[in-house]
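A.B. asks: Mind looking over this structure? Questions follow.
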Amino acid sequence: MCEAAVSITVTVLTDVLSFATGLAANIPAVIIFSLYTTVAVIFSFIYQLTFSMGLLVLALRMEERGGHSLALVKTVPVTEAKHRNIFVKIFALGSRPNYEKTGKNADGVDKDFASKIFQKWYGPVLMHPIMRTVVMIWFCIYLGLAGWACSQVQQGLEPVNLLVSSSYAIPHYRALEKYFWNYGAEAQVCVNNAPNMADPKEKRKIFDMVDKFANSPHGIGQDSVQFWLKEFEFFLTKYNLPSVTELAPVDFYLSVYHFLALNSNQRFRLDVKWDVDMDPTVFYENYTGPSPNITAFRFTIGLKNFKEATMQIDAVESLRSVAAQYPEYNITTFNPLWLFVDQYEQIWPNVLQEIVGGTLFMILIALLLIPHPVCSLWVAVVILSVDVGVIGFMTVWGIRLDTVSMITIIMSIGFSVDFAAHMAHAYVASGESSPVQRIYAALGSIGWPALQGGLSTVLGVCVLANLDSYMIVAFFKTVFLVIVLALLHGLVFLPVLLSIFVPQQCKISLTKKNKTSTTTKNEKDKRIRNNNV
């Protein structure tokens, strides 16, 4: 535990806080995911420290006594198994722990072959002056490419991406994009607080409002307007009936009723809401009831340049800006795609919020667990670099910035700091004298575990790569990018940056502490063995 405490704590804190930042989003799917993963990580941490650790202690005590891992019997050492029967040789052979110090490190544990490769071969190659120069050049190229790719990011979860690739609805949506959304989509404008429609001044104001909607940046114009009042005036003129200005208020509204009662105008019946319960399909020639009034109405306009998510966002904003000019009418604009567009508008602000908030949390953790501000600064640079790379290269890979990729970006904050924080802590905690030697030691202790963790995660999500769903494939691609870029930064870029920019004095003197802790640990081990005997 004394060896793994810092690594476990760093991993848990970074993961919990990175996922917890998602709770500040205003998208329900992101909030649910963030809450679930935050609770799951906390539970896993508590489980590892309590139940799992207790089982491990019991297993080690049983191993020390020579107990069988399954049956409650003692095992037979290999040296004593020569004259035993075949059943014992197959099922009851075992070994005893050897407490002799065989290595040179404080705990007497030799590094495995893979760790030696990182320390004895990979480290010297990476720290060669020419290689460090090449790495720095590639780091600058990487930042430039990632920054350019971020400028090409595409927002929004398209409806077609909610379907499997074999769905019959995909050709329908593609036809909509090709033939209608570029020119001919329709938006409804609802006036929820209608004025006195019989008043000429109010009527003129209403027509001015309709004209602003029709001629907005994404409006097609007056030719695309479907407005019952406009058709009603044309109807009065066509049949030489009294004009709107010549009608009394009661006569005006009854005339509108008669107009809507005609079969040729039935398409407008649902566009008008009345304050009295009258059947618009019935003529009221001798109406004697209360004066009817229109409390709400709607009209439709045609839209152009409505194909891409950015165009749709701009169209919604332009229509809502016109509606905001008439607050007394309480205007609402609507199109079935508005449900998606409202989500598109929230994605980018939420992503920035998660990146900034998560990065600040990660810097705080780095400052607490890595007792050197310069190292913490470079950890923060690595976090931002990984996030920029994930957002940029997922765009190049055909992934849009939507709720699915937003969730994985939240994950990337935690993953990106894990490897970097472990590497930086191992660097400053090393007892070596020079920066290069400390990089060798850090790579020897962190390199192989980090590579194992990254490869296991990538292999775990590879099964999702070929599934027939955009959301699942998008999840695979973004997680793949997160892990690959985090490994690249933790094992290549960060060691070079630390060896160049972090001064030689930035290390923790652990010699005395290690000696004391080692002596204490050896004494405890002896007491435990004596008690067991």
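Cβ atoms are placed via backbone N, Cα and C, with glycine included.
Note that TrEMBL annotation is computational and uncurated.
According to TrEMBL, the protein has these features:
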COMPBIAS  521-533  compositional bias 'Basic and acidic residues'
DOMAIN    1-58  domain 'SSD'
REGION    513-533  region 'Disordered'
TRANSMEM  12-33  transmembrane segment
TRANSMEM  39-60  transmembrane segment
TRANSMEM  130-149  transmembrane segment
TRANSMEM  351-370  transmembrane segment
TRANSMEM  377-399  transmembrane segment
TRANSMEM  405-428  transmembrane segment
TRANSMEM  440-467  transmembrane segment
TRANSMEM  479-502  transmembrane segment
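For each feature listed, report its degree of burial, its nearest neighbours and the pertinent distances within the displayed model.
C.D. replies: Regional average pLDDT for the domain 'SSD' (1-58) in the model is 82.
Counting residues 6+ beyond its ends, the transmembrane segment (39-60) has Cβ neighbours under 8 Å at 1, 8, 12, 15-16, 19, 69 in the same chain.
Residues 142-143, 145-150, 152-154, 351, 355, 358-359, 362-363, 366, 370, 405, 408-409, 412-413, 415-417, 420-421, 424, 474, 477-478, 481-482, 485-486, 489-490, 493-494, 497-498, 501-502 of the same chain, all 6+ positions outside the transmembrane segment (377-399), place their C-beta atoms under 8 angstroms from a C-beta of that stretch.
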A.B. asks: Other than its close neighbours in sequence, what residues sit by the transmembrane segment (130-149), given a CB gap under 8 Å and a spacing of at least six beyond its ends?
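C.D. replies: Residues 385, 388-389, 391-393, 395-396, 492-493, 496-497, 499-500.
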A.B. asks: What residues elsewhere in the chain lie close to the transmembrane segment (440-467), defined as a C-beta under 8 angstroms and at least 6 residues from its ends?
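C.D. replies: Same-chain contacts beyond the flanks: 111-112, 114-120, 122-124, 126-127, 418-419, 422-423, 426-427, 430-432, 473, 475-476, 479-480, 483-484, 486-487, 490-491, 495.
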A.B. asks: I need to check the long-range neighbours of the transmembrane segment (12-33): which residues 6 or more away from its ends have a CB within less than 8 Å of a CB in the stretch?
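C.D. replies: Same-chain residues near the transmembrane segment (12-33) but 6 or more away: 41-42, 45, 343, 346-347, 350, 353-354, 357-358, 361-362, 365, 369, 403, 406-407, 410-411, 413-414, 417-418, 421.
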